[in-house]
Amino acid sequence: MRIMIKGGVWKNTEDEILKAAVMKYGKNQWARISSLLVRKSAKQCKARWYEWLDPSIKKTEWTREEDEKLLHLAKLMPTQWRTIAPIVGRTPSQCLERYEKLLDAACVKDENYEPGDDPRKLRPGEIDPNPESKPARPDPVDMDEDEKEMLSEARARLANTKGKKAKRKAREKQLEEARRLASLQKKRELKAAGIDVRHRRRKRKGIDYNAEIPFEKRPPPGFFDVADEDRPVEQPQFPTTIEELEGKRRIDVETQLRKQDIAKNKIAQRQDAPSAILHANKLNDPETVRKQTKLMLPPPQISDQELDEIARMGYANDLAGSDEFGEGSAATRALLANYAQTPGRGMTPLRTPQRSPASKGDAVMMEAENLARLRESQTPLLGGENPELHPSDFTGVTPKRKEVQTPNPMLTPSATPGVAGLTPRIGMTPARDGYASMTPKGTPLRDELHINEDVDMHERAKLELQRAEIRRSLRSGLGSLPQPKNEYQIVMQPIPEDAEEPEEKIEEDMSDRIAREMAEEEARQQALLRKRSKVLQRELPRPPAASLELIRNSVIRADGDKSSFVPPTSIEQADEMIRRELLALLEHDNAKYPLDEKVNKEKKKGAKRVVNEPVVPVIEEFHEEEMKDVCIY
């Protein structure tokens, strides 16, 4: 019995069958798709589609940005290729393969690395473990019988649109149409016989799409102008072919022009051969092709005198160097400064570099070397030294872009602004702070031993004299100023009064108005209550009308006793005034605020006659603020 193990290298016929099956069955029925391929399983078909045949897969060369992003993400998320792949824009197998390739390129520099010992390379007789991500093998001229049978069966199944299922669907459709026509004929016959059969429809919660049009906007009834409806539709003029859309290519235009030139030359040679030969010789003459143009050079940056001075300084430094380093040991030479390289490092270059200098190293290779060293390093539990790594970046998901700038020789560490020793002094801007100013023509020199300080002594002396003169003139000017007077007069400008704008009246809400009126009424009642006597405020018992008669009789009796010739004392007068005030207050309270017993009796009687209300005696009223000011002792 022959045992078939599915798998192996994918062939071109299998790829084409897989594409057609995915177009028909979709990307979910992999078991049905794998039934068309004898030598492949459903898992292998799915992997082949998502690793190689999917049109969204990029198969172009890897760019530098993609390499940097891949190495950076592999550093942040090691071995998580399914997470890294969508960020980079490649498949996981492509990312892993490219990662291994970059690490191999970084390990080539290692002396102990041997490419032949790489276990990932397939030896003769070994099987590729991941054939789904490799290109398909071309079809042989003579295919096997099982391959021919598989191809014919797949062609028949993929081209079959009239199988059992299709016939069943067509039969069900015909039965449904016959059932609809029979019910319609039955309704018509019953209606002709006078029997009205109404079909009761169930009420649906949503929209019945068979009975009504959702979101329909019916036009209003009336007459409308239909002149625009008969207008002919304009046919837009747009390119229909690929050549019209893309236009003529540059290669085609150049080829056509060459053909025209060849045809013109042939016609000219036939008609006038000598003139054609002379014209061709003129075109081929190098003197006519390249004309001598005037040489345009930039203006010189340093003059001849400055060059002589620089040459003298270089010669003097050479002599000093020969004297210094001619004798002595290495220890004594290390203590002395070397002036041989000063003009070359500190001077402005005569020519601008044509391009930016190369970076210190390839960033991709540096990251690959870091990852290779980290992969080869042992576990930290064993101890030992950490691998030496290049400086790397862990700040973000994507690597930082490093802009390479052309170094400015005027801003080198050797050219520190403000140093006293400046070689070129002709044509420089005069300094303001006592030091020679920094201009493109004056580049400072590296002067560790301060040899060139004496050259600038006369300039420094002049500057010190100028500063002293300026200080003296400033002090004399300040001394001639008048003495200050501490008298101040402040005049305030009138503040303009802003015209008060009339406030817009806002209509008050009904509930707010009712609440406001109730609050006002309560405040008014409280104010009236405060004007009453303390007996009424505290609701204390009051004397009835009979008691008032006794008090009134006592007051009248006291008045009758005044007929004697003895004048009343002040205490008697005060007592009489208090009695009269008490009587007036009681009469006023009983008349204005009668007792509840009397009111209840009148209500119980239910008399309809109008009762003569007692007249309220008038008493002196006081304001609330006056009553607060009264002090009771």
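In case you wondered, yes, glycine gets a Cβ from its N, Cα and C as well.
Listed ranges 76-96, 265-285, 307-327, 454-474; the one TrEMBL annotates as region 'Disordered' is 265-285. Each residue in the domain 'Myb-like' (2-53) gets a DSSP state, and the totals come to 31 helix, 1 strand, 20 coil. Per-residue confidence over the domain 'HTH myb-type' (58-107) averages out at a pLDDT of 92.
In the region 'Disordered' (265-285), helix, strand and coil residues by DSSP number 19 helix, 0 strand, 2 coil.
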